């Protein structure tokens with residue numbers, strides 16, 4: 001190939017219009033993810049990443065080749081479905097119908113029991129849990145379902161709002177009576193897991209597993225003398241002081257990640273079962289039998 005041919009091809013490539021990716025994110029998400037380094041990288045790859053104007057109808061926005069979103073309010077979902085009816089071939093990550101099941105802490109985990117994992121050394125399960133839409137006869141229901149203290153009480157809805165992250169660790173019946181969460185909510189048995197949670201991020205076929213600090217283990221001795229109720233928010237969020245704490249650093253260093261082959265198989269099958277391309281899920285390692293436990297799944301950007 002001559003130099004003139006190579007220059008011609010280079011000129012043709014450089015004049016190719018950029019691939020336009022629009023995003024619709026909350027201000028907090030924009031601050032976290034839309035960093036100058038990301039914009040620089042997308043520019044190098046021939047991608048134009050730009051925000052949508054949420055005050056304008058989606059159908060009136062500038063044209064784009066792909067849409068990434070992390071909004072769930074009804075008006076946005078209505079606009080998004082209307083847009084998809086007019087432009088069914090434009091990729092939307094992810095479709096609101098597929099994300100919807102992740103807004104419910106019961107339906108988000110239903111697919112886990114149907115995964116066909118090939119691992120013979122590790123198993124994956126969901127902690128025993130109970131959905132309650134009324135506080136009446138709560139203790140009787142717990143006994144009939146053989147669910148034991150301590151428990152984590154979580155709002156049923158997991159829609160990304162601050163209220164959806166407000167949880168409580170319930171140590172006994174008195175704590176359950178003092179629970180301030182409004183029904184409906186989910187009660188899930190607390191599983192000792194060494195104080196470490198494994199967050200798995202999935203972006204298409206790209207999978208990344210990281211370690212995060214979690215709630216500490218609860219011994220039977222502590223269960224008998226601890227407070228009745230302990231409210232908390234997202235268990236994998238650390239303050240700046242905690243992140244630099246030597247004991248936390250040692251805990252993170254000593255914690256062993258699940259085998260990558262196992263994580264990849266779980267993530268791949270979840271992606272296929274949920275029909276999602278951008279999400280994360282949490283796993284913990286049961287301290288008692290060393291099996292892996294899945295306790296959360298979220299749509300993320």
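Yeah, the Cβs are placed from backbone N, Cα and C, and that goes for glycine too.
Over in TrEMBL, the protein carries these features:
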type	residues	note
DOMAIN	21-99	domain 'Inositol-tetrakisphosphate 1-kinase N-terminal'
BINDING	29, 70, 165, 199	1D-myo-inositol 1,3,4-trisphosphate binding site
BINDING	105, 154, 188-199, 214	ATP binding site
DOMAIN	123-290	domain 'Inositol 1,3,4-trisphosphate 5/6-kinase ATP-grasp'
BINDING	282	Mg(2+) binding site
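Recorded features from TrEMBL, shown on the structure.
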{"residue": "188", "record": "ATP binding site", "Cβ contacts under 8 Å, 6 or more apart": "127, 128, 129, 130, 151, 152, 154, 295"}
{"residue": "190", "record": "ATP binding site", "Cβ contacts under 8 Å, 6 or more apart": "127, 150, 151, 152, 169, 215, 218"}
{"residue": "192", "record": "ATP binding site", "Cβ contacts under 8 Å, 6 or more apart": "217, 218, 286, 287, 288"}
{"residue": "194", "record": "ATP binding site", "Cβ contacts under 8 Å, 6 or more apart": "217, 251, 255, 285, 287"}
{"residue": "196", "record": "ATP binding site", "Cβ contacts under 8 Å, 6 or more apart": "211, 212, 213, 214, 251, 252, 255, 284, 285"}
{"residue": "198", "record": "ATP binding site", "Cβ contacts under 8 Å, 6 or more apart": "209, 210, 211, 212, 257, 258, 263, 282, 283, 284, 285"}
Which one of the binding-site residues (105, 199) has its C-beta surrounded by the most other C-beta atoms within 10 angstroms?
105
Tell me, what is the mean pLDDT of the domain 'Inositol-tetrakisphosphate 1-kinase N-terminal' (21-99)?
95
In DSSP terms, the domain 'Inositol-tetrakisphosphate 1-kinase N-terminal' (21-99) comprises 36 helix, 15 strand, 28 coil
How many other Cβ atoms sit within 10 Å of the Cβ of residue 165 (1D-myo-inositol 1,3,4-trisphosphate binding site)?
15
Within 10 Å of the Cβ of residue 214 (ATP binding site), how many other Cβ atoms can be counted across all chains shown?
20
Which one is it: of the binding-site residues 29, 70, which Cβ has the fewest other Cβ atoms within 10 Å in this structure?
29
Between residue 165 (1D-myo-inositol 1,3,4-trisphosphate binding site) and residue 105 (ATP binding site), the C-alpha gap once rounded to whole angstrom:
11
